[in-house]
Amino acid sequence: MTNNKLEKINAIRGMNDILPKESFQWLRLENILHNLMAAYGYLNIRTPILEQTKLFARGIGEVTDIVEKEMYTFSMSQDKTDMLTMRPEFTAGIVRAAIEHSLTFDRPQRLYTMGPVFRHERPQKGRYRQFHQISVEAMGFAGPDIDAEQIILLNRLWKDLGLEDIHLELNSLGQVSERLAHREALIKHLEKHLDILDEDAKRRMYTNPLRVLDTKNPDLQKMANSAPKLFDFLGEDSLGHFNEIRKRLDEAGIEYTINPRLVRGLDYYNLTVFEWVTGSLGAQATVCGGGRYDGLFELLGGKPTPCVGFAIGLERLLSLVISDSKSETIKNLFTEMGPETDIYFIYQNVEASRKCSQLAELCRNNGFKAIVHAGSQNFKNQFKRADFSGAMYAIIIGESELESNTVSIKQLQLNPDGSSIEQTTIPTCELVDFLTKLTNKKDA
Ligand code: HAM
């Protein structure tokens, strides 16, 4: 006999299923984030997962890791003229949408979105190929007040979540002209050290010399440390912008480190850039990254519109909250999934099952969560399922209840004070009132 069993099909590496025992944590985190956004006047926007490849190539920059090697890109046409890419981040797509729909025509916009993004990186703990971000973008704001406000918003979030081991790194990349002057000086410096540069550095030194300083190669650290500092090329306005942010952070009591090597992996930034890093997540320590991108609107065909924004990696944030939160409320919120239902209906035969379905609808009308058992009619099995569901009460319709138009109620879990009611049988028409009195449901 041949074995006809078909092979099982697994998920793609680096792309994770989020099962119910984790999904409730995602819902709670997302809920906290939606509320935080509302508290600062940010409106929700949703853009497509697929965009034209040129949006990211132009927006993020041709010579970035993301565009060079991490994008999921394909074409659906024979002649490959319509290259499509699964978004590796949100910012470029949101700017595209803002230009396309003239969102910043008559007033600035505070926008945010949450969802999956895709990068073909080498998967490891905290680094995935499909991961989730909340991306927060303030569009049409030039002043340092908004940069500072976003950092203050983030600081509030860490506090609300009970996170203590998370630290702000801050830098200014200046304006394009300042960067160009620095770039020339930097290329000269790299040329002086040509003999020690690795292949990556040599490849990038003329296209993206700033990124060379971001090298992980220990042999290049000394050269990187002695390179000309962009800070020394910043003019009065750029320094003024930076210093105003610093003042506001100092006033808010937010500590930070100025990291002149912080350049970020996307090319659209100018002036402010920042990252929040933790010591509690191992190698993938960056929980949030962002900064100013005043030139992106123009780069994507729009009118000049100064912007600032950031994105948080939600896998990293959630894992930090679960492992590291110092708040008891948050710890409980992320440990206790809670019962699946308030009431579990159990029955003896098909007629009773029909009656249970009708009664369950009535209970739901009155604000209760209700599950009607489905499957085996064996009473023992049904009670097992009812227990497993975490329901407070089982409602039972056996033959005698059917005959007398009654239901039996059995309490399955103890009340918080340890008490419980005796199993009792009541007329069917009194069920909702009875449950309402028992549970004090306000919405009933
Ligand atoms: P990003 O630094 O590329 O910035 O990503 C933001 C955050 O996403 C990172 O700090 C990290 O927490 C998370 N992240 C990045 N790659 C992965 C990965 N492979 N697996 C898990 N998490 C990851 C941006 O995407 C910019 N669009 C942020 C921004 C918005 N700037 C201005 N506005």
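Just so it is clear, glycine is given a Cβ too, placed from its N, Cα and C backbone atoms.
Secondary structure from DSSP puts Arg264 (L-histidine binding site) in coil. For Arg264 (L-histidine binding site), the Cβ neighbour count at a 10 Å cut-off comes to 20, with all displayed protein chains included. Marked as L-histidine binding site by TrEMBL: Glu89, Phe90, Thr91, Arg119, Gln133, Glu137, Arg264, Tyr268, Tyr269.
Taken from TrEMBL, the feature domain 'Aminoacyl-transfer RNA synthetases class-II family profile' covers 28-339.
Residues within less than 8 Å, Cβ to Cβ, of Thr91 (L-histidine binding site) and separated from it by at least 6 positions along the same chain comprise Gly59, Ser135, Glu137, Leu266, Tyr268, Tyr293, Leu296, Gly309, Ala311. In terms of local Cβ density within 10 Å, Tyr269 ranks first among the binding-site residues Glu89, Tyr269. Among the binding-site residues Glu89, Thr91, Gln133, Tyr269, the residues whose Cβ sits under 6 Å from any atom of ligand 1 are Glu89, Thr91, Gln133. Gln133 (L-histidine binding site) is surrounded by 24 other CB atoms, counting those within 10 A of its CB over all protein chains shown. The domain 'Aminoacyl-transfer RNA synthetases class-II family profile' (28-339) scores a mean pLDDT of 95 in the predicted structure. Site extent for L-histidine: among the recorded binding residues Glu89, Phe90, Thr91, Arg119, Gln133, Glu137, Arg264, Tyr268, Tyr269, the largest C-alpha separation is 21 Å.
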